[in-house]
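J.: I grabbed these lines from Swiss-Prot:
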- 144: active site, proton donor/acceptor (ACT_SITE)
- 171: active site, schiff-base intermediate with substrate (ACT_SITE)
- 47, 48, 49, 83, 214, 233, 237: 3-dehydroquinate binding site (BINDING)
């Protein structure tokens with residue numbers, strides 16, 4: 001039986017896929033403005049994409065913004081993510097700082113989840129995951145391929161590896177070159193969900209071509225999807241309001 005992931009009042013892996021909406025402001029003013037706009041919205045999780053923040057290399061300033069951000073969103077679960085340039089992010093930082101940043105933020109008690117990239121390496125992952133779990137912070141271990149869609153077996157292998165490394169939520173996002181690539185991602189998702197996963201997983205095929213994968217998680221086995229507030233943080237994201245309507249429609253039809 002698959003275990004569910006409880007984050008505040010949200011149960012990931014139960015019912016329809018949960019909606020996560022990123023905050024991508026470059027400065028404190030913009031970040032707080034986005035937070036105010038989202039605090040009463042129909043969403044499940046807010047992601048702070050801290051790699052967009054102009055002063056991300058100053059941990060003190062990151063914490064100050066985080067404290068204010070939390071005060072506005074109240075009890076909405078918060079995911080903290082620094083996305084590396086290699087995987088589609090905005091800034092380049094050292095692995096040492098990446099590790100320190102995630103540990104320092106996990107220690108604040110202000111975030112509910114953090115995202116750690118699979119290809120940061122086992123040493124970084126072990127250190128961050130173990131620390132976060134001691135602080136009762138859930139961990140997404142993720143991989144983003146902006147160039148291609150790997151073979152089905154490779155997608156499943158990466159998700160299994162994330163699970164082995166202690167991810168509460170394994171996540172993979174891939175780029176389709178054609179319609180068949182979208183089917184490969186969906187087939188890999190379903191195989192992982194039905195055969196190998198003992199916890200919720202998150203998958204998506206990016207770009208407009210892959211948008212169907214962001215909508216049909218309840219059918220194929222992806223437990224969380226990302227929607228945009230105004231600006232997108234990844235190719236293929238659609239408005240979280242439209243996403244909410246479609247997910248509700250599918251959930252009603254399925255059940």
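Cβ coordinates come from backbone N, Cα and C, glycine included.
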J.: Can you name the binding-site residues among 47, 48, 49, 83, 214, 237 whose CA is within 10 A of the CA of residue 171 (active site, schiff-base intermediate with substrate)?
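T.: Passing the 10 Å Cα cut: none.
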J.: Round to a whole number and give the Cα-to-Cα distance in Å for the pair residue 49 (3-dehydroquinate binding site) and the residue listed as 'active site, proton donor/acceptor'.
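T.: Taking the Cα atoms only, residue 49 (3-dehydroquinate binding site) lies 15 Å from the residue listed as 'active site, proton donor/acceptor'.
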J.: From the Cα of the residue listed as 'active site, proton donor/acceptor' across to the Cα of residue 214 (3-dehydroquinate binding site), what is the distance in angstrom?
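T.: Computed Cα spacing between residue 214 (3-dehydroquinate binding site) and the residue listed as 'active site, proton donor/acceptor' is 15 Å.
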J.: State the count of C-beta atoms found within 10 angstroms of the C-beta of residue 144 (active site, proton donor/acceptor), not counting that atom itself.
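T.: So the Cβ neighbour count for residue 144 (active site, proton donor/acceptor) comes to 21.
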J.: Residue 49 (3-dehydroquinate binding site) has how many other Cβ neighbours within 10 Å of its own Cβ?
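T.: Residue 49 (3-dehydroquinate binding site) is surrounded by 22 other Cβ atoms within 10 Å.
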J.: Counting all other Cβ atoms within 10 Å across every protein chain shown, which of the recorded positions 83, 171 scores highest?
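T.: Comparing the recorded positions 83, 171, the most crowded Cβ belongs to 171.
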